[in-house]
Amino acid sequence: MKLVLLRHGESEWNKENLFTGWMDVDLSETGKAEAASAGITLKQKGYDFDVCYTSYLKRAIHTLNLALDEMDRVWLPVVKSWKLNERHYGTLQGLNKSETAERYGEEQVKIWRRSYDIAPPLLKEEDERNPRFQEQYRQEKCEILPLGESLKDTIARVVPYYNEVILKDMMAGKRVLIAAHGNSLRALMKYLEDMSPEDILNVNLPTGIPLVYELDEEGKFISKEYLGDAEYVKAKIEKVSAQGKVTIE
């Protein structure tokens with residue numbers, strides 16, 4: 001069986017090289033084009049779906065909607081969950097990645113962005129960026145909403161949701177598309193491929209390019225494939241990798 005993952009298109013804050021996390025930032029014009037292109041590619045390659053999953057954040061929701069529009073599938077059922085939200089970047093949210101690297105060092109920023117079990121500095125309870133103050137989460141228990149997360153923390157919410165909800169749909173024969181975020185999808189990739197914490201450190205997921213997983217009947221990993229020109233995909237991955245490095249003017 002197949003599972004298709006789609007990282008949202010470039011957001012306004014991706015474009016400005018800012019830490020985004022749970023901040024509800026919309027797609028840039030480039031991101032909208034990437035999302036539409038993903039839908040065109042999926043349609044051309046003959047992919048179809050029975051149910052889609054996404055987060056509570058508009059950049060992922062809009063990416064999914066734009067892709068489905070190109071596929072003539074806007075009527076498909078869509079399940080939204082904060083469990084698929086981006087990793088929460090704590091106090092780093094809104095900061096420029098290059099400027100943060102210049103201040104704290106590239107290695108520290110790489111650890112914050114790509115390490116397995118080290119969280120960035122947490123938000124204070126009274127911070128206006130605390131999810132408890134956001135309308136999307138008004139039905140959620142405040143104590144389960146994060147103030148900052150490591151990738152390990154992100155995995156702790158993504159993987160149970162995948163196993164308890166998404167995988168059940170797949171095992172029932174449903175074709176699934178997940179439109180989410182760089183780190184929530186990396187969390188899932190680590191689980192699906194049984195990667196070590198060291199290996200996941202160097203995984204970079206490009207925006208707006210469908211990633212297809214082939215799984216066996218028990219949901220175990222067989223193979224994966226990006227749907228796109230190999231050189232284009234490589235360039236997009238390198239662009240993501242370059243974020244968080246000091247920019248020399």
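Our numbering is plain: 1 for the first residue shown, then up by one each step along the chain.
Every residue, even glycine, has its Cβ placed from backbone N, Cα and C.
Annotated in Swiss-Prot:
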BINDING   7-14, 20-21, Arg59, 86-89, Lys97, 113-114, 182-183  substrate binding site
ACT_SITE  His8  active site, tele-phosphohistidine intermediate
ACT_SITE  Glu86  active site, proton donor/acceptor
SITE      His181  site 'Transition state stabilizer'
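Positions of Swiss-Prot features highlighted on the structure.
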residue	record	contacts (Cβ under 8 Å, 6+ apart)
Arg7	substrate binding site	Ala179, Ala180, His181, Gly182, Leu185, Leu205, Pro206, Thr207, Gly208, Ile209, Leu211
His8	active site, tele-phosphohistidine intermediate	Leu27, Gly31, Ala35, Leu57, Arg59, Ala60, His62, Thr63, Ala179, Ala180, His181, Thr207, Gly208
Glu10	substrate binding site	Leu27, Ser28, Thr30, Gly31, Glu34, Thr207, Gly208
Trp13	substrate binding site	Phe19, Thr20, Met23, Val25
Gly21	substrate binding site	Glu86, Arg87, His88, Tyr89, Gly90, Leu92, Gln93
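When Cβ atoms from all protein chains are considered, those within 10 Å of Arg87 (substrate binding site) total 28, not counting its own. Mapped onto three states, the DSSP output places Trp13 (substrate binding site) in helix.
DSSP classifies Gly182 (substrate binding site) as helix under the three-state reduction. Shown are the recorded positions Lys97, His181; of these, the residue with the fewest other Cβ atoms within 10 Å is Lys97. Within 10 Å of the C-beta atom of Gly182 (substrate binding site) sit 21 other C-beta atoms, taking all shown protein chains into account.
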